[in-house]
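Worksheet: the structure to be examined is printed underneath.
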Amino acid sequence: MDPHKKVALETEFFTEYGEASRYQIQEVIGKGSYGVVASAIDTHSGEKVAIKKINDVFEHVSDATRILREIKLLRLLRHPDIVEIKHVMLPPSRREFRDIYVVFELMESDLHQVIKANDDLTPEHYQFFLYQLLRGLKFIHTANVFHRDLKPKNILANSDCKLKICDFGLARVSFNDAPSAIFWTDYVATRWYRAPELCGSFFSKYTPAIDIWSIGCIFAEMLTGKPLFPGKNVVHQLDIMTDLLGTPPPEAIARIRNEKARRYLGNMRRKPPVPFTHKFPHVDPLALRLLHRLLAFDPKDRPSAEEALADPYFYGLANVDREPSTQPIPKLEFEFERRKITKEDVRELIYREILEYHPQMLQEYLRGGEQTSFMYPSGVDRFKRQFAHLEENYGKGEKGSPLQRQHASLPRERVPAPKKENGSHNHDIENRSIASLVTTLESPPTSQHEGSDYRNGTSQTGYSARSLLKSASISASKCIGMKPRNKSEYGESNNDTVDALSQKVAALHT
């Protein structure tokens, strides 16, 4: 990048935020109605990060509440398979700030782009992708959180096959003792990934099984390269679901809350289920058996994330020590969901959440400090024009133009208010293409430095999502050998996954 443009970039993005000198802006990687996302270098750690500037946060209380919800959930749900907020910049004024700068770990693409750009993903990819999603979902559900909008675009991806769940703006926390909750909402899940019990219903009593259905749809999309249930409307959605799964039994239809949808299914001609071996030819029978469980029409027949992880499909990969649970989120954290809040209320709540990333000021706040304005003296001069420069130059085809993915999670585009097939149960895992698996696990990278640039924090100019996960450029050993997290709170690094799986494969040949 031209040095003069670099200086302009670094003096226009952050406006008044004095902490901005910590980050060296690299390029724009996303832009939408919410604001701008830029990649940057954290000069304290040398890491590449994504910084999302959210404009006019408090223009609509509903949008501000969604942002508050996601910032809070991502702080409380820290897990290797969930995108991480690394920092939130302290605003220049407690009472008057309008924009928020959230610093995320930088991810290269999302699962939607990976599926679209790769027609040669292997069974090992499918297995490891699904394993990560279920492992993250187990953690989310043990916190009594329902994600409610799982889809490929809401799953970030790196070229080492690491996936991370993101976009928690529509998530909800259940505080009922019963394993279900009732929510009034204007939007739940993109239709294609929406569980049948939610079709046409905005007032829904449901369970974590809604997320399990979404995971099943995502898994099927991995296997075929295209969405499984691309419904054009609610009726069409029900039609294509039943075309594959067959007409549901009366007790399953009774669980549909929308009266019209319930009546439509009750009057539908009887359809036999399509064998999954016909719909998904050449797919591992164990994978199809698990998929059939995930896509059970009746939510009570779907497994929990923990039960799915125990499926024989993950034999040799799943390990309870690497699949941590967590405690339910305390009710006090989401007390604001139970009352009507004003713009001033949500501003104070977001400010309080930002202070979680500024421990010294948090202590002062908790002691009752009343400081309401703390302008940074050099902030305006250094960053005043940066945002305008980013908007002006975004999407002009210059070097380093962004990928389609908005690489950080928070927040989504603003959403307007709406106007068992029997698998091969005794199939032995030891017979599952062992020679192919060993070859893949032992295959060396195509070059000595393959895949190292991103992990070392250096730039990858010209990187394309189309190259992501190509078999010619990445081996399953690298896929399964995820980058270890420093000081892992879960007791062992992800390299142990490789060791365990490699030992298992070796044992199969003895």
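Glycine residues also receive a Cβ, built from the backbone N, Cα and C atoms like all the rest.
What Swiss-Prot lists as domain 'Protein kinase' is 23-314, and the listing cites sequence analysis. What Swiss-Prot lists as ATP binding site is Ile29, Gly30, Lys31, Gly32, Ser33, Tyr34, Gly35, Val36, Val37, Lys52, and the listing cites sequence analysis. Under the heading active site, proton acceptor, Swiss-Prot lists Asp149. Residues annotated as phosphothreonine in Swiss-Prot, with similarity to another entry given as evidence: Thr185, Thr190. According to Swiss-Prot, the phosphotyrosine annotation covers Tyr187, on the basis of similarity to another entry. Among the features that Swiss-Prot reports, region 'Disordered' is placed at 393-461. Residues annotated as compositional bias 'Basic and acidic residues' in Swiss-Prot: 410-431. Taken from Swiss-Prot, the feature compositional bias 'Polar residues' covers 433-461.
According to its DSSP assignment, Ser33 (ATP binding site) is coil. Other Cβ atoms within 10 Å of the Cβ of Ser33 (ATP binding site) number 11 in total over all chains. Secondary structure at the residue listed as 'active site, proton acceptor', taken from DSSP and collapsed to helix, strand or coil, is coil. For the recorded site, Thr190 (phosphothreonine), the DSSP three-state label reads coil. Between the two most distant C-alpha atoms of the annotated ATP binders (Ile29, Gly30, Lys31, Gly32, Ser33, Tyr34, Gly35, Val36, Val37, Lys52) there are 14 Å. Of all the binding-site residues given, namely Lys31, Ser33, Gly35, none has its Cα within 10 Å of the Cα of Asp149 (active site, proton acceptor). When the alpha carbons of Val37 (ATP binding site) and Thr190 (phosphothreonine) are compared, the span between them is 23 angstrom. Among the binding-site residues Ile29, Lys31, Ser33, Gly35, the residue whose Cα lies closest in space to that of Thr190 (phosphothreonine) is Ser33.
Counting every protein chain shown, the Cβ of Ile29 (ATP binding site) has 25 other Cβ atoms within 10 Å.
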